[in-house]
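What TrEMBL lists as pyridoxal 5'-phosphate binding site is Arg38. The substrate binding site annotation in TrEMBL covers Arg60, Ser61, Gln68, Lys276. The annotation tRNA binding site is assigned in TrEMBL to Arg234, Arg361, Lys426. Annotation comment: TrEMBL describes Lys247 as N6-(pyridoxal phosphate)lysine. What TrEMBL lists as compositional bias 'Basic and acidic residues' is 424-434.
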Amino acid sequence: KGKCPEDGWDESTIELFLHELAIMDSNNFLGNCGVGEREGRVASGLVARRHYRLIHGIGRSGDISAVQPKAAGSSLLNKLTNSVVLDIIKLAGVRTVTNCFVVPMATGMSLTLCFLTLRHKRPKAKYIIWPRIDQKSCFKSMITAGFEPVVIENVLEGDELRTDIEAVEAKIKALGAENILCVHSTTSCFAPRVPDRLEELAVICANYDIPHIVNNAYGVQSSKCMHLIQQGARVGRIDAFVQSLDKNFMVPVGGAIIAGFNESFIQEISKMYPGKASASPSLDVLITLLSLGASGYKQLLKERKEMFSYLSSELKKLADNHNERLLDTPHNPISLAMSLRNLDENNDAAVTQLGSMLFTRQVSGARVVPCGSVQTVNNYTFKGFMSHANNYPCAYLNAASAIGIKKQDVDVFLKRLDKCLKTSRKESKKEKSVNEISNSNTGTEQLED
């Protein structure tokens, strides 16, 4: 049926299935005589076993989704993977999605592929409207495709940074709709930025006949992010949404899913991919989903949501104990932020040092964001880089509840963060005392002079 099985398969069944697919590829035929330049020859047995002897990759030189006659097994693997992934996207909340395909590139390059496909539809366009999110790959995806990003600054509503809808529409009118390739919006993001107002953006795109590409990097694991995409497509226009395989399905980095509501447009994107492609990301995600089953994946989504509530309540307690506060970002379903005002009052070095302390104590993924850092990316200068705004009111620390997180991860993180904050406070007080003594000595010397 091309759907994810409700209950996961055991490993021996999955391996038997993969071996059955592999013997359908010509390089595994007994007595095969290959005289071409690409015959699925592999020098190392270890490499062959690592790939279950599925060596031919996916697609043909003109279309990544096309069937390769001498690699029937690999082609079937590709078709099944795309079908199973489509089923999971529907299960996760985007019910009306019509087509998707796995591409062996991470999210940034997959977004670039979408933009390059749109170039042929809108040859006059040179701008991409982009509500600001301080993450390099999605910004570089537009530059790499040869377009000029038009950065729309976010608006501060309470603690949250939200889409400035009025500024988006004003910029469309100023530049002219025909000169705009698309609106490039974001769902999953680091707090205090929250998912873009997708419904309002989708309506604007429909009204001005402008394509809309959504960066849904790690949004499949969030019912709220998926609901936003579903609603955006229902009330307005969303042409494609792109999500990472590793962040949503716990597989190695290197693959993404490009999905959409217009089957022919998604096919156009797949045909834009030049040449054949690695089957590794497709193989990894198919093995994972067969082993989990639909029920297993739903259970992971449920556990992630529960862990988000737990992380939120425990991080709030810790923030209160340190005279800080958990920033109020109810529209962000994955990421949380805790203020670092006490460290920020001293200097940026104290804030960044906290990040180093956490990393050396084996806490990975927590981001410490100082105020006012400036960074240039491809000749564009961002003030307050990493905070998604020129002047966010305070420094802060990020933590996220992503798929696969366990209660133990949260508990250990909070314990180590608590210790680091205490150490940082002691060092800040010591430094402050030294500075005060130094200043008083300088004053005495000046009086003597």
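Even glycines carry a Cβ here, placed using N, Cα and C.
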Candidate recorded positions Arg38, Arg234, Lys247, Arg361, Lys426, pick with smallest Cα gap to Arg60 (substrate binding site): Arg38
Shortest C-alpha distance to Gln68 (substrate binding site) - which of the recorded positions Arg234, Lys247, Arg361, Lys426: Lys247
Neighbour tally for Arg38 (pyridoxal 5'-phosphate binding site), based on other Cβ positions within 10 Å of its Cβ: 15
Remaining residues near the recorded substrate site, that is with C-beta within 8 Å of the centroid of the site residues Arg60, Ser61, Gln68, Lys276: Gly57, Ile58, Gly59, Gly62, Asp63, Ala66, Gly275
Max CA-CA distance, Å, over listed substrate-binding residues Arg60, Ser61, Gln68, Lys276: 10
Distance in Å spanning the most remote Cα pair of Arg234, Arg361, Lys426, given for tRNA: 54
Whole-number Å value for how far Lys426 (tRNA binding site) lies from the residue listed as 'N6-(pyridoxal phosphate)lysine' (Cα to Cα): 37
Which of Arg60, Arg234, Lys276, Lys426, the listed binding-site residues, has fewest other Cβ atoms within 10 Å: Lys426
From binding-site residues Arg38, Arg234, Arg361, Lys426, the one whose Cα lies nearest Lys276 (substrate binding site): Arg38
C-beta crowding around Arg361 (tRNA binding site), within 10 angstroms: 14
Neighbour-count leader, CB within 10 A, binding-site residues: Ser61, Gln68: Gln68
Residue pair Arg234 (tRNA binding site), Ser61 (substrate binding site) - Cα distance, angstrom, rounded: 35
Cα-Cα distance linking Arg38 (pyridoxal 5'-phosphate binding site) and Lys426 (tRNA binding site), given in Å to the nearest integer: 64
Arg38 (pyridoxal 5'-phosphate binding site) and Arg361 (tRNA binding site), distance between Cα atoms, whole Å: 48
